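This report refers to the structure that appears directly beneath it.
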Amino acid sequence: MSRPFNFSAGPSALPIDVLLQVRDELLDFAGTGVSVMEISHRSQPFMDFAHATDAAVRRVLAVPSDYHVLLLQGGSYLQFSQIPMNLFHKTNTADYIHTGLWSEQAANAARQYGIVRTIASSHETGFDRVPEINESHINLDAAYLHYTENETAQGLQFSKPPISSIPLVCDACSSLMSKPIDIAAHDLVYASAQKNMGIAGVTLVLLNPAILDKPLAATPQALDFSIQAKKQSLLNTPSTFSWYVMGLMMEWIERTGGIEVLHEINKKKSRHLYNVIDGSNGFYINHVLPDYRSINNVPFHISERNLEDLFVREAQENGFHGLKGHQSTGGLRASIYNAVTLDAVQELALFMREFARTHG
Ligand SMILES: *Cc1c(COP(=O)(O)O)cnc(C)c1O
C-alpha cells in the first residue's frame, strides 16, 4: 500500500498507527463487540474513554487543575462567536490582535456582539511579522485580549503569548499540541482537532472558570460554557467518533514522547523547507520575517507565478498531496502538522530543489 505524502492544511494527515488502530477497533470498541459509532455517549465504555482523554489532555498540556477541558462542536469558527457570547456580559468590548485571515474572521464575528478594538496589526507590512504589542494599548475595560497563535494561511506564528493585564484568549487551532503553549498564561485556549490532534468534529476549549459570568441573553444552552462544563461536554450527543480519534491521538502524542519532542521534530521539519526556500536564489519566496515563521504551515510563492500550477501538478504526480495555498493568499503551502513525518518533509524538500533546478 503506497500512500501520498499529505501536506493538507486541514483536515490533515493522521499518523498511520492511529489509522490502523481505528481500523482494528472499528468493529469492536473496548470489548463491547460494536463500534464506537454505535454506542451511547453515556455508556460506561464511552464515559471511561472520555475521562481518559480528559486526563491525557491535562497531562500533555499541563492544564491548570481548576480549568475546564471542554470538547465542543462547531469548530474554532463557532468559538469566534461563542467566546463573546459568554464573555461580553459585564462589558461588551474586547481587544483583538490582527495578524492575518483567521484573527480577522474572529474579530468580525465578535463585532456582532459588541465593540471590537484592534490594538495591533501587521496588515501594513503584509502580515510579515507579529506586530509590536504595546501594553498601554490594551483597553482595561475590555473583556479579553484575543490573538491567533498561528495564522494558518499567512504562516505567521507567535513565539510567546502577548503579555496582557486582561483575560487572554488564544485561537491555537493550527498549533495546539505541536509546541509547548503555556496554558496557565491564558484564560481560554481553543483549537479544533483536525490539524494537530485528530479529525474534524471536536474542538478543544481550555477555560479558566474565573472569567465566566452569565452569557448574553438568548445564548443557547449548548453554547453556554458553564452548562457544557457542568455536563462534561455531554449536554447533547457529541461527535463521539471524533472524540474517540482525538483520544487515540492523545495516546499517540504521549507514546511519541509528548509535546517537547514533537516541537523539536516540527521545528526541524519547518527548517528543512525554509532552507530550501531561502537557498533557492529567489525561485521560491516566503515573505514572513524569520523570527515569525510558522512551524505548522509553510506558505510560499514561486517568483514566476505561472509555474505554480505546474508545481502543484508535478507534485501530485510525484505523490505530494495538498500543496495548494489558501484561497485568500494563493500560491503554495505545505502544512506540516504533527502527523507529517520528517521523512515526508525531506522528500518534499528534495522535490522542491529538483523543481527549482529544472524550471529555474
Ligand atoms: C482552521 C482554523 C480555524 C477554523 O477552524 P474550523 O474547525 O474550520 O472551524 C480557525 N482558526 C485557525 C487559526 C485555523 O487554522
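Backbone N, Cα and C atoms are what each Cβ position is placed from, and that goes for glycine too.
Residues or ranges marked as domain 'Aminotransferase class V' in TrEMBL: 5-348.
For the recorded site, R42 (L-glutamate binding site), the DSSP three-state label reads coil. Of all Cβ atoms in the protein chains displayed, 10 besides its own lie within 10 Å of the Cβ of R42 (L-glutamate binding site). The L-glutamate binding site annotation in TrEMBL covers R42.
Listed in sequence order, S76, Q79, W102, S103, A106, H146, Y147, T148, E149, Y190, A191 are the same-chain residues six or more apart from D171 (pyridoxal 5'-phosphate binding site) with CB atoms under 8 A from its CB. Annotation source TrEMBL lists pyridoxal 5'-phosphate binding site at W102, T152, D171, Q194, N236, T237.
In the three-state DSSP classification, K195 (N6-(pyridoxal phosphate)lysine) falls within coil. All protein chains included, K195 (N6-(pyridoxal phosphate)lysine) registers 30 other Cβ atoms within 10 Å of its own Cβ. The N6-(pyridoxal phosphate)lysine annotation in TrEMBL covers K195.
When pLDDT is averaged over the domain 'Aminotransferase class V' (5-348), the result is 97. Ligand 1 lies under 6 Å from the Cβ of none of the binding-site residues R42, N236, T237.
Maximum C-alpha to C-alpha distance over the listed pyridoxal 5'-phosphate-binding residues W102, T152, D171, Q194, N236, T237 is 31 Å. Distance noted between the C-alpha atoms of R42 (L-glutamate binding site) and N236 (pyridoxal 5'-phosphate binding site) is 10 Å.
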